[in-house]
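What follows is a set of notes on a single structure, which appears directly below.
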Amino acid sequence: MATIRIHDEKNTLIEHQEEVARFLDEQEVIYEQWNIEKLPSELSEKYDLTEDEKERILAVFDTEIQDISARRGYQSQDVISLSDTTPNLDELLKNFQREHHHTDDEVRFIVSGHGIFVIQGKDGTFFDVRLNPGDLISVPENIRHYFTLQEDRRVVAIRIFVTTEGWVPIYENESVQN
């Protein structure tokens, strides 16, 4: 289940699921929980995935992917896996960690591991969304944000896209202050 930390003077923490869902809804960020128990045990917490294993993960969550795609107009999806065994992990993270926005939604479903989206709220204040297996988030178009890994430095996520072009960032000049 996701938690939120607001970058305010109190570093406000939101941990209860109803409050997390309400806060994200107020920010127009889609948040859902999908049944992670559907994932076969041999794919759980596995970070070196073959293309066949990635396709199996997509097949497991096909109903959910098709549902959100029909509601939001998404056209394609893939699986990304990052861990300390990923070649050039630090270089990849530098790209993800640069503040940016997109002209479409950025959608991620966490299959294994953890991730953090840092998002600019409607009032201009940034907040972290710490995601865990089973969490789906959709950052709306044109919202400044970036993604990073948590301390374990590993994640497997389904990425869902509006277009078949996939992840196309528009980088910002200003950086987020934590």
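Backbone N, Cα and C define each Cβ position, glycine as well.
Sequence annotations record features per position, and here Swiss-Prot assigns Ni(2+) binding site to HIS100, HIS102, GLU106, HIS145 based on sequence analysis. Per Swiss-Prot, Fe(2+) binding site is recorded for HIS100, HIS102, GLU106, HIS145, and the stated evidence type is sequence analysis. According to Swiss-Prot, the feature site 'May play a role in metal incorporation in vivo' maps to GLU99. The site 'May play a role in transmitting local conformational changes' feature in Swiss-Prot is assigned to ASP105. Here Swiss-Prot flags ARG108 as site 'Important to generate the dianion'.
Every protein chain considered, the tally of other Cβ atoms within 10 Å of the Cβ of ARG108 (site 'Important to generate the dianion') stands at 20. Sequence-distant neighbours of ASP105 (site 'May play a role in transmitting local conformational changes') (same chain, 6+ residues apart, CB-CB distance under 8 A): ILE30, ARG72, TYR74, SER138, VAL139, PRO140, GLU141, VAL162. Following the DSSP three-state reduction, the secondary structure of ASP105 (site 'May play a role in transmitting local conformational changes') is coil. For ARG108 (site 'Important to generate the dianion') paired with HIS145 (Ni(2+) binding site), the C-alpha to C-alpha distance reads 13 Å. HIS145 (Ni(2+) binding site) has a Cβ environment of 23 other Cβ atoms inside 10 Å. Residue environment of GLU106 (Ni(2+) binding site) contains 24 other Cβ atoms, counted within 10 Å of its Cβ in all protein chains.
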